[in-house]
Amino acid sequence: MRIFSLFWTTLMVAQVAAEANPSKDSGQLPPQPPLQVWPVPKKIGVLSEDSPPRDFPDRFHLSLSIDEASFRGSSISQQQLRFLYHYYGRPTRGHSSQLRVRLSYTPFGKEGSYKILCDVPWCKGRASSYEGAVYLLGTMIQIIEGYPYVNNTVPQKFVIDDYPSFPHRGMLIDTGRHYLPMEILYKNLQLMSFNKMNVLHWHLTDDIAFSLDLTRDRRYSRLQEGNPYPYTYSKREVIKFVKFANLLGIKVIPEIDVPAHTQSWIRGYPELQGHALYWMDPTLSYTKEFVKGVVSEVADIFYGDRRRRETYNGERAIHLGGDETWDAWNTPYLRNWTRDHGCYHNKTDLVDYWLTEVVADIAESTGSKITLWNDFLNDSAKALWPVDTWQVWLYNPAETVELAESGRLPKGSSVLFSQAFYLDALQMTWADFYKVPFRGDCYGVIKGGEACMWGEFVDASNFMSRVWPRASAIAERLWCDDQSICPRNESWAVRRLSRFRCFMSSYVLRHSGPEETSPLGWFQDISAPARFYS
């Protein structure tokens, strides 16, 4: 602890750091960070300019030791520590081939914060949480594995002080439209972790398919009727996957998209449509009870069966869709219903009824925080209190900040931004995402955002190449909101991203040659101008 204080003081005195920033108004870009890490750390300091860079040998590995005493009394389990040791620490041969990292735990700063101090080949790392430990070790692995691209050298003495700008840095995947094999999902998790993304938003259901297998419960045995593909995700597969994600510092949030995008439900249970033109009738008690039952089953799969006192995946949170109801409720029966039961005698009454009678009941019965897409806000919904988080896809960055600062949302509500982070917009390059003028609001209502890979144009054959490395640009925007450290300028970031793409391909995915690297896009994709796909 005292050693860290001494070196931190030294850093303040002899600062040669990536945060030695020009004025935001000067138009000058900050200097390139002395270590090529992605996402860029908040502070990187080289402690001794007089010391020459340290040469790395041809084979160099991380040798990890853990100060287990410092973790006692924390929420970090022995299983998690064992995972860190075996996942990030590699067998080494000989003292000269090792970068020795001593990991300890100290609560400080934001969730996910970490500090590194190195006098190569010796390093000390402090993490504020399990997430912070994952990010710390991921950063060290990047430094070790990236050295061939920077003349086989690193600074002799350096420090890193890093933390996320936003607590929610997510990615949406959509298996309600195209099934993705578990192998692809596991690889994607590992790439997310090295990009310091901490939420996987899993869109499980849509008009095309209900991709989670609930058929063992006879109440829901017809949910897969008419699925265009024979594959679904079993309860056992999902639980194993969620627990592995947690070990990588990633929370998995299921989305059950209701009341719209529910043709996959209605094929097996046509009574759910009731008096609606299409999709679900929000006024039927049958609809309410059926949806509540399905979501309860899903919550127990993703967070642990409360009847058995199982618990994993953190605080319960469920995404309940709420997008694109359009004119599905514009029928004579439902218009009459609003006149008989509503306050406004229009669609707002049906939206408020859904929120108070279905969403609120699910939140209470499952003990879950609820996220919805922001469509109901455009439908003039008044009963906003059952919703904890609104995910924005209909507003641009400026409008999102305006919503967050408007006072319209109940106290304690939060906002996630996704509108300009749609990866299925295939004409968008990584540079386009990097330049999106997304920022936080003055009240801290905006908690982050998500890169969204909707499933219309991806399957197992092209998922990786269409997501990565474009999603890396979004990951850095969500990790760093300070323009004086990480400006929205692709020319400033392109060299680091090119190296990081090589790291993801060779180290994370274990590609061994040029013929195997195309699943992460070709090298030219990093710096090429935008192009449109036919």
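Using N, Cα and C of the backbone, Cβ positions are placed for all residues, glycine too.
What TrEMBL records for 1-18 is signal peptide. Annotation source TrEMBL lists domain 'Glycoside hydrolase family 20 catalytic' at 166-480. What TrEMBL records for Glu324 is active site, proton donor.
For Glu324 (active site, proton donor), applying a Cβ distance below 8 Å and a minimum sequence separation of six or more within one chain yields Ala260, His261, Asp375. Following the DSSP three-state reduction, the secondary structure of Glu324 (active site, proton donor) is coil.
Taking the domain 'Glycoside hydrolase family 20 catalytic' (166-480) as a whole, pLDDT averages 97 in the prediction.
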